[in-house]
Amino acid sequence: MKRNILKLVEDGFFREAILLYSQRHSSSSRPHRFTFPPLLKACAKLKNASQGRILHTHLLKTGFLADFYSATALTGMYMKLGLIDEGLKVFDEMPDRSLASMNAAISGLTHNGYFREALWVIRSGRYGEFRPNSVTIASLLPACEKSVRLAGTMHCWAIKLGVEKDVYVATSILTVYLKCKEVVLAAKLFKEMPNKNLVSYNALISGLLRCGLWLEVLDAFKQMMERLEEKPNHVTLVSAISACAGLSYIVFGRQVHGMAIKTELVLNIMVGTALVDMYSKCGVWQRAYDVFKELNDNRNLVTWNAMISGMMLNAQSENAVVLFKELLAEGLESDLAIWNSMIIGFAQLGKGIDAFKYFKRMQSAGVAPNLKSITSMLSACSDLSALRSGKEIHGHATRKFVNNDRFMATALMDFYMKCGLYSWARRVFDCVDVKPDDPAFWNAMISGYGRNGDNESAFRIFDKMLEEKVQPNAGTFVSLLSACSHTGQVDKGWKLFRMMITEFGLKPNPIHLSCMVDLLARSGRLDDARELIQNLSEASASVFASLLGACGSNLNSDLGEVMAKRLLELQPESPIPYVVLSNIYAGLGRWKDVERIRRMMDDKECIKFAGFSLLEVT
């Protein structure tokens, strides 16, 4: 009986092993010492607590509960089933404990999230003074995932015990360091590992991915392919594909795709879903759809969501709707993630009415919205200036969610500002007791005040932002420079521009430069604007267009001609330089030059669209 039951459990025939034992028990066959450990393992695998308790009773009746191996297996079974109290009770009542039984208790506690209790087992010495081994250290490490100090202590303990080079222990320590975002310590540990295997490489690669270090993920992946004889598994490929998606490395992504085909993992649901996501984020939605179709029956709701959100990301909303209908036609129920992909996709594409439509359908289907749904709907309301609907969503959010959530507060402030109700936006801002260090939160108020013409309030919010030691970003300075431009505050604009570069290390982008050029030009300081552009290594067409427009306002033909020439070099088909120059010459009464510009426009077949009015005349 011992041999047959053990073989069945080793081969994964758990139910058959329990059935064989029941038959033998009914025929009064006497069990052996090693009968129960594999049966208890089978109960844990099947998550069958009732059968496990029956075996516990049989252990008591036969006297095998006093056997060290059976008692340890019973402790492990209860722990794996989440029955912590029962597992610890068995452990406490064991007449003879060993390191193996202590490890069963510790791993069971950490497996069920009782990290402090697991550490206390070691510190208290309650279960005897056993010399820990590699299994003990590896079992305790999950308890250190939020504390790099504890992880370091465990690492030192492993060194003291001489098990730090054990691949199982080293990989566990590596995983914890990366979860604590201690990348330098993790890299040093990995480099010193004498025996690296696929599991340790996967721990490194997936940990680097969680830290957002995509380039490092691909470097580690290439190193693994060069130095390891083992083939990558689905975990390796998913990490590499995800890094390619983050970097938009379509060429590398295709190579990993080819590797997935060679290793026959391309139809793996996780690999296939990662490929769909990668191709979508790289802008090749047609290839993403090909992979999606090839997966056929190997698709789940996550795969469908990757494809639908990918279509939305590539502005293929009609295709996303078709996919959504196909999903329902196949008898699948759309989950919250897919509903959100539709709602968020439409909102980001500026199709607020469609976003509303799917939001209502989601509620009718009995799916409750979450913060993502609500913030997306507020964005749609902002674009539509749908004040009443936005207020209704605000009310819904107040009832369902924490009112001072930073994402919710930011969306509400942006909504009210775009609807012109900046006093309501300020009320939301003031209700957030602890202001977040996310610049987007502050930018919503700064840009909102600027949009509504209250520039002094925008500057006051910026001052408060600096007082709270929040790091401004590029968007912050766009709003502030724009406010300076509209109010003609040249000196303040220059001060902010220099502050952005010197104090916060931000490189000016074309929008910042356009704001500065506009600010200088509005004050008639065209030469300063020209000097600013000349000092730049690269300037975009929008910067030259901004200064050209200023030349038009100031009737500066000399500088206007230079800017028109530079703009035509970048945008040879644009009619704007000709139109502005023509208007400058006309304003100066240089009609021959006006005629010359008109002929040039005709020769190049430039089309100036006629103006029209949005006012209906009755």
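We number each residue from 1, going along the chain as drawn.
Just so you know, glycine gets a Cβ as well, placed from its N, Cα and C.
Caution: TrEMBL annotation is automatic and unverified by curators.
Features of the protein shown, as given by TrEMBL:
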- 67-101: repeat 'PPR' (REPEAT)
- 197-227: repeat 'PPR' (REPEAT)
- 300-334: repeat 'PPR' (REPEAT)
- 335-369: repeat 'PPR' (REPEAT)
- 438-472: repeat 'PPR' (REPEAT)
- 473-508: repeat 'PPR' (REPEAT)
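Secondary structure of the repeat 'PPR' (300-334), assigned with DSSP and counted as helix (H, G, I), strand (E, B) and coil, comes to 26 helix, 0 strand, 9 coil. Sequence-distant contacts of the repeat 'PPR' (335-369) (same chain, six or more residues past either end, CB-CB distance under 8 Å): 301-302, 304-305, 308-309, 311-313, 315, 317, 320-321, 324, 327, 376-377, 379-381, 383-384, 386, 389, 396, 400. Long-range Cβ contacts of the repeat 'PPR' (67-101) within its own chain (Cβ-Cβ under 8 Å, at least 6 residues beyond either end) map to 33-34, 36-37, 40-41, 43-44, 47, 49, 52, 55-56, 59, 107-109, 111-112, 114, 127-128, 130-133, 136. Model confidence over the repeat 'PPR' (300-334) stands at 95, taken as the mean pLDDT rounded to a whole number.
According to DSSP, the secondary structure content of the repeat 'PPR' (438-472) in residues is 26 helix, 0 strand, 9 coil. Helix, strand and coil residue tallies for the repeat 'PPR' (335-369), in that order: 26 helix, 0 strand, 9 coil [DSSP]. Within the same chain, residues 269, 272-273, 276-277, 279-281, 283, 285, 288-289, 292, 341-342, 344-346, 348-349, 351, 354, 365, 367 sit at least 6 positions outside the repeat 'PPR' (300-334) and bring their C-beta atoms closer than 8 Å to a C-beta of that stretch. Residue counts for the repeat 'PPR' (197-227) under DSSP (helix as H, G, I; strand as E, B; rest coil) come to 27 helix, 0 strand, 4 coil. Assigned with DSSP, the residues of the repeat 'PPR' (67-101) fall into helix, strand and coil as follows: 25 helix, 0 strand, 10 coil.
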